[in-house]
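Before any comments, here is the structure.
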Amino acid sequence: MHNTSRTSRFTISRLRQRLKIEDHDDLSRIPPHLVDGIVSNGNAHMELGNRSMAENGEEKNREHDDKKKKKRLLGGIKTMPFILANEVCDRFATTGFYANMITYLTQQLNLPLVKASNTLTNFGGTISVTPLIGALIADSYAGRFWTITVGSVIYELGLVSMTLSAVLPHLRPPPCPTQVNCKEASSTQLWFLYISLLLTSLGTGGIRPNVVTFAADQIDMSKSSVQSRSWNFFNWYYFCMGLSTLTALTVVVYIQDNVGWGWGLGIPTIVFALSILAFVFGAPLYNKLKPGGSPLVRLAQVIVAAVKKRKSVVPEDSKLLYENRELDAAISVHGRLLHTNQFKWLDKAAIVTESEAIGTNPPNLWKLATVHRVEELKSIVRMLPIWAAGILLVTAGSHQYSFVIQQARTMDRHLSHSFQIPPASLSIFGILTMLIGLALYERLFVPFARRFTGNPSGISCLQRMGIGFMVNIIATVVSALIEIKRKAVAAEHNLLDDPQAVIPISVFWLMPQFCLHGVAEVFMSVGHLEFLYDQSPESMRSTAAALYWMAISMGNYIGTLLVSLVHKYTGSENNWLPDWNLNRGRLEYYFLLVSGIQVINLVYYVICAWFYTYKPIEEITIKEEQDDEEDKIPHKRLSDANRNGDVELAINRESE
């Protein structure tokens, strides 16, 4: 009866339209045979519409299946050599001149130690703050592939200009082998240096936050897939970076100290140029996710919507809050964030008012946000306290490339009668420890810990970071004890007033602190990066990776501030960090100060980790994606059918 009623309504509508009869006119004057003819014609027309609709649906299904197959052929392990080549060469180039740059600044540009140290930490801070800009560009507009490509070109320009500064004599002050009454670099020479460093910093901003996430985009990073794998992507990513750094610290630093700075900077420049070609060559193989729009705008929309509805009452049933899977499809490809009870004030942004319930679709996102978008903001807010704890860890290690290298320069570095270790190459002990530690962590520690915790990863990211914090405190305390030992030997041989003298104590006394920092990196640095990637919304993962580098940036800046304050307020006679003679300083006090700050930071981290709640997510499997697409087809047909009353009737019959 219901279908007949629909047919009758349709027939009357068609009759009025065909015969141009007004609604108030009587239809009884129309001959019956004419009515039957029009109805028959309408039924035939409906059948044709049905057939045409089915054919169009099948064609669209085939096109959709072809697109899905092509998408699944993209990405995978085969893309890793092209992608990681870029990151490996970036780390190789950066380490190649940054690790030994304190030597270049003090012996080639004749800068005082504190000024040179602050230049390095400021550069380290800048090179780590630009990734936030690069991440926002990639997540919002350009996508990761093009951001990496453009950033690499800018970075290469910085390397070329840096190499020129080392090759052309007029870009450096006159040589000063005695390091006494030396002429410092002029303002012009320093500006050329700063421009070179700025270009490398800008280029790094496009590379660092995007390479790790772009590489992760090529493989299945869903929770179920990660747990089923016997390897951890972030462990192996960090392992590749460690190998690159190790090569730079051995080969490049040796060339800089023994062959010349022209070749020492030229080799990383050439290698990085080749890596750009390799990355672009692999472009047809990459799985390139489209940017989902500015994440900052989405976060701002949630805040503005919540403020506008601050007087509204959040319903007790979270299912009454606004959800729109189609609207969130571009920013929730692999899973939708589920509602949480934390920061419930933000839920006001997802309250559907009466006017919005009958309003336009899609809604005004500055007035109404989906649950997924609200939970994006909640995820970021939850992450920030944990992220902030990593800043002071970087501050504690910022002296590794400045004061510790100057310590090493005063110690016996001979491995044989004719060969001695370059001071900057001492970092290889930390890198080697990190590489060995990552392998042991993957193969021994994780299976062992899994027996007790039941966690497929052995321990959680938060537990891993906590262990790293504790090891780092031990490392800085050991640094203080070794400095006390070094100065005691210098005093014993009356060498405290001779900054150029070689103190008869082996440089290998510095090895324990480097090894401990390497162990801390295995736990803290890798855990920190994995935590930020895993707990961030998927549409903001480049931005989350940028937060990792932001922590490094802020840690370096705080290191600069701490060194400047200590140098300024510890007096001129017994200064903890003197400019020219480290033997008359109190470097061990500085290390102990950093250790005390780290203890306070550890207490703060434990409190934050204790109250942290992991983000809940409803992952979308391949089967669910297929089901979703099947569900979308009738809706799309109905949308197309609305343009023609004939087809609309056929759809109504199918649905009924």
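Don't overthink the numbers, they just go from 1 along the chain as shown.
Placed from the backbone N, Cα and C atoms, the Cβ positions cover glycine too.
As annotated by TrEMBL, region 'Disordered' applies to 51-70, 625-656. The annotation compositional bias 'Basic and acidic residues' is assigned in TrEMBL to 57-66, 637-656. According to TrEMBL, the feature transmembrane segment maps to 153-171, 191-215, 236-255, 261-286, 383-401, 421-441, 462-482, 502-524, 545-569, 589-613.
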| request: Please check if the transmembrane segment (153-171) comes into contact with the transmembrane segment (589-613), where contact means 3 or more CB pairs closer than 8 Å and the residues in each pair are separated by 6 or more positions. | output: no
| remark: Lying 6 or more residues past either end of the transmembrane segment (421-441) yet within Cβ distance under 8 Å of it, the residues of that chain are 99-100, 102-103, 235, 238-239, 242-243, 245-246, 249-250, 253-254, 256-258, 400-401, 404-406, 408-409, 413, 415, 507, 510-511, 514-515, 517-519, 521-522, 526
| Can you say which of 191-215, 261-286, 502-524, 589-613 has the most Cβ pairs under 8 Å with the transmembrane segment (383-401)? | 589-613
| said: If I count Cβ-Cβ pairs under 8 A between the transmembrane segment (545-569) and each of 191-215, 261-286, 502-524, 589-613, which range comes out on top? | reply: 191-215
| remark: Same-chain residues at least 6 beyond the ends of the transmembrane segment (502-524) with a Cβ under 8 Å from one of its Cβ atoms are 238, 390, 393, 397, 400, 404, 407-408, 410-413, 421, 423, 426-427, 429-434, 437-438, 441, 464-465, 467-469, 471-472, 474-476, 478-479, 482, 485-486, 489-490, 493, 495, 583
| said: Do any residues, 6 or more residues outside the transmembrane segment (191-215), come within under 8 Å Cβ-to-Cβ of it, and if so which ones? | reply: 79-80, 83-84, 86-87, 90, 94, 109, 123, 126-135, 137-138, 144-145, 147-148, 150-159, 161-162, 165, 171, 185, 233-234, 237, 286, 529, 533, 541-543, 545-546, 548-549
